[in-house]
Amino acid sequence: MTKLNKSKALIAMGLAVSSFALASVAGAEGHGAAPLVINGDIEIVTNTAAPAHMENISTIQSGWEFRTPDTQDLQRDDFDNPGMLGVDDARETWATVEGSEGKSCASCHGEPETLAGVKAVYPKWNEDAGEVRTIEMQINACRTENMGAEAYGYSDGAMTDMSALISSVSRGLPVNVAIDGPAQATWEQGKELYYTRTGQLELSCANCHEDNYDNLIRADHLSQGQINGFPVYRLNNAKLNSVHDRFKGCVRDTRAETYKPGSPEFVALELYVASRGNGLSVEGPSVRN
Amino acid sequence: MASGVRPRVKVPKSASAGETITLKTLISHPMESGQRKDSSGNVIPRSIINRFTCEFNGEMVIDVTLEPAISTNPYFEFDATVPAAGDFKFTWYDDDGSVYEDTQSISV
């Protein structure tokens with residue numbers, strides 16, 4: 001990756017003129033030299049052996065490894081991580097009573113920390129509903145069925161904040177999404193979508209994120225498309241972004257009509273892509289560009 | 001009118017006299033530049049934090065003018081020398097007249 005240092009320096013300069021103008025320049029430790037430890041406490045696995053079902057990649061890497069040292073450092077401390085603003089907002093929502101049943105999230109679940117480990121296994125088969133559910137679908141099921149409150153829009157700010165909160169309490173735990181049993185059919189559908197070329201550019205997910213990761217796409221490094229760090233705070237749009245928003249952006253970039261966030265296609269794709277990260281640590285909310 | 005504005009400050013709890021410490025501040029704010037238009041073509045009025053100050057026991061440590069090009073959630077990190085125990089007072093001034101304050105004590 002050293003051959004690409006020059007372009008990274010340019011990206012870093014771009015960053016320096018935004019809100020970070022007064023921030024001290026991050027230490028000069030090289031790309032990936034210092035492992036990611038959040039708050040000096042939570043150790044994050046950012047690369048490991050690929051799960052058995054992956055045929056073309058032997059080592060899986062978190063998107064964190066493809067970012068510049070400046071961006072990487074934003075994730076080392078919760079104070080520096082702008083994604084934690086959304087988590088703080090969601091903590092307030094967590095304790096707020098909404099809906100006809102007079103309940104808040106806290107009424108049933110207690111502290112958000114009781115949901116540690118949940119994010120690591122989602123998307124997950126839900127026996128009662130007979131479908132694979134994402135965290136967002138589960139949040140809305142809780143809101144409509146248990147709280148009698150209105151469902152959030154799938155990619156609403158409040159929804160993404162809440163999924164960031166649920167993700168944040170699982171940070172450091174290994175992603176371990178089940179792909180067998182009842183979830184298998186959905187997983188197969190997701191895999192099919194992953195390798196299907198779409199749009200005028202006729203690109204599949206694999207063309208970029210499997211065949212060309214770490215190469216430049218314009219001025220940016222292609223990652224492996226791992227979603228262990230979602231929701232992601234993007235410096236690009238200065239907000240938390242959900243997985244399905246990212247999928248939509250990617251599919252749009254192939255110049256195709258996209259599926260909708262929350263659609264069965266994206267749920268299947270999320271299950272498959274999540275399973276490609278089995279073994280990496282839950283990292284969300286992460287910071288990317 | 002900006003909503004959901006929340007200042008956050010990180011100051012070490014204690015330091016030795018004369019030591020230089022690092023202060024970090026972040027305020028959640030949309031920093032609407034006044035250059036953008038909404039979906040019906042009307043200009044969205046400017047709404048930014050236009051000034052940020054930090055005082056230590058009444059003495060000015062840093063006084064910053066912010067301009068519309070500063071992006072969402074302005075973050076400042078700077079160093080200060082602590083001569084004695086006291087309070088750091090942080091103040092953000094909003095275009096709409098709101099003033100957000102936070103105070104953190106430090107012992108030596």
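Every residue gets a Cβ built from N, Cα and C, even glycine.
Among the candidates A:CYS142, A:CYS250, the residue that TrEMBL annotates alongside A:CYS205, A:CYS208, A:HIS209 as binding heme c 2 is A:CYS250. Sorted by the number of other CB atoms within 10 A, the binding-site residues A:CYS105, A:CYS108, A:CYS205 start with A:CYS108, the lowest.
Within the set of recorded positions A:CYS205, A:CYS208, A:HIS209, A:ARG246, A:CYS250, the entry lying nearest in space to A:HIS109 (heme c 1 binding site) is A:ARG246 (CA atoms).
Checked against A:HIS209 (heme c 2 binding site), the recorded positions A:CYS105, A:CYS108, A:CYS142, A:CYS250 differ in C-alpha distance, with A:CYS250 being the nearest. Looking only at the recorded positions A:CYS205, A:CYS208, A:ARG246, A:CYS250, the one with its C-alpha closest to A:CYS108 (heme c 1 binding site) is A:ARG246. Among A:CYS205, A:CYS208, A:HIS209, A:CYS250, the residues given in the record as binding heme c 2, the maximal Cα to Cα distance rounds to 11 Å.
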